[in-house]
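Engineer: Before I ask anything, let me first share the structure, which is written out below as structure tokens.
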Amino acid sequence: MSGARQPLPSWALNVLMPAMNVLLALFVGGLAVALIGENPIEAMRVLAYGAFGSGYGLGFTLHYATSLTFTGLAVAVAYHSGLFNIGGEGQAYVAGLGAIMMALWLDQTHWVFVLVGSIVGAMTLGALWAAIPGYLQAKRGSHIVITTIMFNFIASAFMSYMLAQVITNPGANAETRTIAETGRIPLLSEYFEFFKHSPVNIMLIFGILALIGVYILLWRTKLGFKIRTLGQNPEAARYAGISAVSIIVIAMAISGALAGMMAVNEAVSVQKRLVVGYVQGFGFIGIAVAFMGRAHPVGIVLAAILFGALYQGGVELAFVMPAVPSELVLVIQALVILFSGAMDEMFKPVLERVFGAFRSKPRTDDSTATEEA
Amino acid sequence: MGFEDIIPLLNSSVRFAVPLLLACIAGLYSERSGIVDIGLEGKMLGAAFAAAAVAALTGNVWYGMLAAIFVSCCMSMIHAIASINLRGNQVISGVALNFLALGGTVFIGHSIFKRGGTTPNLPKDVRIGPIELPFAAEIGQVPFVGPIYEQLISGHSIIVYFAFAAVPITAWVLMKTRLGLRLRAVGENPKALDTAGISVFKLRYQALIITGILCGVAGAYLSTSQGANFSENMTAGRGFIALAALIFAKWKPWNALWTCLLFGVLSAAQIRLQGVEFPLIGEVPVQFIQALPYVLTVVLLAGFIGRAIPPKAVGQPYVKER
């Protein structure tokens, strides 16, 4: 083996490896396109053009990216405290109830009240729905992954009951009534012609604020320090007098509140009502966003844009190249999750050797080393 | 509700329980060996598609079954490489496999059949049909026992009998054979096995192959026996209910049988209880019964009724010391 395996510099770990994972996923996706007899390069071009080629497309991409930023940050905050919150899907769904109830209550006033009210409603219910599994983990030792999966299904049953029986709009099929004209949160296209009726809205700004907020919370506050300590070394946290129970519950509540923000971006601002199953997998894709983004806000925003672009590009792809099913996007997303989340170690040894060989060359002229390489 | 109503209810309960039971036993092998498997759902879905697609293309349902097992095992091996060799996050690997199956089945299905992801309907002789047990009609005349034999025990597909046979076999393998002892040990304390000179990797691979086979059969049951074609996301969360059942059963095969039957009865009852008024409580919302398996699992996991303690080493990649 050529010299030692060099520990990777942080840029290789945090930029190069995720990039390689994405490229590999796109490559495999391209292979799948080639296998069904279509032109993979053309498909990727359509995908990219659909996502970034027009103000309209970009507006959709940014809208999806905003939702994914929230669900991605949700996974990241929990992850830093050592918990794997797989329940973003259910938390965002239940949060939709809080958001829409506030919005429908306030929609005769002004959209600013609707905005603030629905954010509060969404964050409260999202936090509550996540804090229960957190509490059960911290106090009763039930595994958070399983509990949050179960909570996703309970949320789904609960919400379809609520939408069909309780806050339903008579005449419509399991959805709430639509928010009145006066209370509708404006789309960015009302201020910037460029976005042409695409759904990107004011929540984009809140997405950016959430990114900054999470950065400050995790790396600049006492609470964030406690969260990260608990996540990295629970034993040390205990000796330092950090209460694991309260930190776990708080971290999960923050996580759920963040996931809940998606409700305001999608249900309140764009669909203007709550429909059954509105989350549509965005909670799960948040896991991919968090892992590709290395649980850091900078990474998360890039990953969210990537995944948002895949969604929007996929729609365009189905339109332009009908022979290529838009599920291609799901496949690529799955591969990104697999490569960047579970098969992280695939490139690492190779890269470490490459870096090792690169660095040891000027120093050692060991002929055996080059031979073995 | 009379006796003659109960038999059809139990009958449909059995049909609901079978895919759960197969997936649950599949998960049991994996988790007992120390590998978390969130991807039961995806493996079943992939297998269901493979079975229906290959059966439709070849006209032979048993080729479909083989394809289902093959696809499910391939997915299981991806999980194995990620979680055993690369020591990756087992939960994420499972999540990824679920997505891969969700997208991949429709992608391939749409490309082959041009029906937006569903496969063509299989004619009766290209499905795994019911088996009449001997003397079903004759014994059926006997009061009480007769209808149970004729309608409930007889007349299911071979997969149903296979699923029920898998329970005692698994119990025997796990508790009475060398492989079973080692499987249980590798899930509790892999280091002890490694010290004894037994390969942790090999054992876990073996377990995941069994998981793959059983999920494959479960998927084939859904699309070629219970149903007659594949449709998008046709597993509809059954893999997750199976996971809940596995925890509820405390990772034990006989418990898995009772749990899956209970969840099966809940599924069957959910359809029949729609709009039925109960004394005192009135109408029970369908959604409540839908959520019941999950609620029960959460309550059990939290230790309010008994305790579910997972295998000790579950979810942790094994790092061999050098």
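Heads up, the Cβ atoms here are built off N, Cα and C, so glycines get one too.
Small disclaimer: the values here were computed from a predicted structure and weren't measured.
I grabbed these lines from TrEMBL:
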- A:12-36: transmembrane segment (TRANSMEM)
- A:56-78: transmembrane segment (TRANSMEM)
- A:90-106: transmembrane segment (TRANSMEM)
- A:112-132: transmembrane segment (TRANSMEM)
- A:144-164: transmembrane segment (TRANSMEM)
- A:200-218: transmembrane segment (TRANSMEM)
- A:239-263: transmembrane segment (TRANSMEM)
- A:275-293: transmembrane segment (TRANSMEM)
- A:300-320: transmembrane segment (TRANSMEM)
- A:326-343: transmembrane segment (TRANSMEM)
Engineer: At a threshold of under 8 Å on Cβ distances, which of A:200-218, A:275-293, A:326-343 pairs most often with the transmembrane segment (A:90-106)?
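Structural biologist: Ranked by Cβ pairs under 8 Å, first place goes to A:275-293.
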Engineer: Could you pull out which residues elsewhere in the chain have a CB under 8 Å from any CB of the transmembrane segment (A:239-263), counting only those six or more residues past its ends?
Structural biologist: 67, 70-71, 73-75, 77-78, 80-81, 83, 85, 87-88, 91-92, 94-96, 98-100, 118-119, 122-131, 133-135, 137-139, 144, 203, 206-207, 210, 214, 217, 223, 226-227, 229-230, 274, 278-279, 282-283, 286
Engineer: What residues in the same chain, six or more past the boundaries of the transmembrane segment (A:326-343), come closer than 8 Å to it by Cβ-Cβ distance?
Structural biologist: 17-18, 21-22, 24-26, 28-29, 32-33, 43, 47, 285, 287-288, 291-292, 307, 310-311, 313-315, 317-318
Engineer: Mind checking which residues of the chain, 6+ beyond the ends of the transmembrane segment (A:275-293), have their Cβ under 8 Å from one of its Cβ atoms?
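Structural biologist: Sequence-remote neighbours of the transmembrane segment (A:275-293) are 18, 21-22, 64, 67-76, 79, 86-93, 96, 152, 156, 159-160, 163-164, 174-175, 259, 262-263, 266-267, 299-304, 306-307, 333, 336-337, 340-341.
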Engineer: With Cβ-Cβ distances below 8 Å as the criterion, list the same-chain residues six or more beyond the ends of the transmembrane segment (A:12-36) that contact it, or say none.
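Structural biologist: Cβ under 8 Å, 6 or more out: 43-44, 292-294, 296, 299, 303, 306, 323-324, 328, 331-332, 335-336, 338-340, 344, 347-348, 351, 355.
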Engineer: Restricting to CB pairs under 8 Å, which listed stretch, A:144-164, A:200-218, A:300-320, is in contact most with the transmembrane segment (A:56-78)?
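Structural biologist: The listed stretch sharing the most Cβ pairs with the transmembrane segment (A:56-78) is A:300-320.
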Engineer: Go through the chain and flag residues at least 6 beyond the ends of the transmembrane segment (A:144-164) whose CB is under 8 A from any CB in it; none is fine as an answer.
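Structural biologist: For the transmembrane segment (A:144-164), the sequence-distant neighbours (Cβ-Cβ under 8 Å, at least 6 residues beyond its ends) are 83-87, 89-91, 93-94, 96-97, 129-130, 132-134, 136-137, 174-176, 252, 274-277, 283.
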Engineer: Would you mind listing the long-range same-chain contacts of the transmembrane segment (A:300-320), meaning Cβ under 8 Å and 6+ residues beyond its ends?
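Structural biologist: Distal contacts: 18, 22, 43, 46-52, 57, 60-69, 72-73, 76, 211, 285, 288-290, 292-293, 326, 328-329, 332-333, 336.
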